[in-house]
């Protein structure tokens, strides 16, 4: 499938969620041992943790949206990464969307982030902490040129390279989605230490943030992991294909209805949503 068709599918998956979803009616995590259920784009979570809003190492954006819930592994990853960044004097990590209290489908903005294992992190590391007003209405820093072929050299910083590398080297991380131009710059800058690049995957948009995805926890038996990324650093023909013009004759795919929920997620809704 060519890149344009994939983009349209992703857009449709996201737009399908614009209708109100019952998951927003669940305002607190569902009690129980932490269990990520289903797939990243069709699932839920029991026993989610709340990411502490106050931290000396990170700041949470758009707290009014209440998308700061996730599996305990995700909360620990954020704390671990932000502590590393702080100890290296790189700046403050800016945390975007994680998931809702019970996971599930959003009413817009995301097709995934449903099992408590995804987090968006801004690709900027301010040295001065943001104000409450800045956090509620964050200004994204677009690192990619207008033509999408490279990063903006005046905006690309070594600290951003290090932030992505630190995240990719974490044992629990299975994928990091960034814009193809950002992946390309990482390939240029990586030198001989390249194993971590395998986890960094080019994807549409993602011009100002990285989307970090964790592997399924070992004790979440109903969690569906993705296959591992292809072997290698992903800096060759696959990456270059993202910069090729779309093939003629690309047609818009038919709009698809969301798939049925995993039975455990449907049971959760039946119990907790009137």
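Cβ coordinates come from backbone N, Cα and C, glycine included.
For 1-19, the entry in Swiss-Prot reads signal peptide, with the evidence type sequence analysis. According to Swiss-Prot, the disulfide bond annotation covers 44-265, 187-235, 216-223, on the basis of sequence analysis. The annotation Zn(2+) 1 binding site is assigned in Swiss-Prot to 110, 113, 120, 211. The Zn(2+) 2 binding site annotation in Swiss-Prot covers 147, 150 and rests on sequence analysis. The region 'Disordered' annotation in Swiss-Prot covers 227-274.
A straight line from the CA of residue 187 (disulfide bond) to the CA of residue 150 (Zn(2+) 2 binding site) spans 12 Å. Across the region 'Disordered' (227-274), DSSP classifies residues as 15 helix, 0 strand, 33 coil. The binding-site residues recorded for this entry are 110, 113, 150, 211, and the Cα of 113 lies nearest to that of residue 265 (disulfide bond). Figure note: comparing Cβ neighbours within 10 Å for the binding-site residues 110, 113, 150, 211, the maximum is reached by 113. Using a 10 Å Cβ-Cβ cutoff, residue 216 (disulfide bond) registers 21 neighbours. Burial estimate for the disulfide-bonded residues (44, 223, 235, 265): highest at 44, by number of other CB atoms within 10 Å.
According to its DSSP assignment, residue 211 (Zn(2+) 1 binding site) is in a strand. Long-range Cβ neighbours of residue 120 (Zn(2+) 1 binding site) (same chain, at least 6 residues apart, Cβ-Cβ under 8 Å): 95, 96, 97, 98, 209, 210, 211, 212. Taking only the Cα positions, the spacing between residue 147 (Zn(2+) 2 binding site) and residue 113 (Zn(2+) 1 binding site) is 29 angstrom. Summary for the recorded positions 147, 187: the Cβ-based neighbour count within 10 Å is maximal at 187. Taking only the Cα positions, the spacing between residue 110 (Zn(2+) 1 binding site) and residue 223 (disulfide bond) is 19 angstrom.
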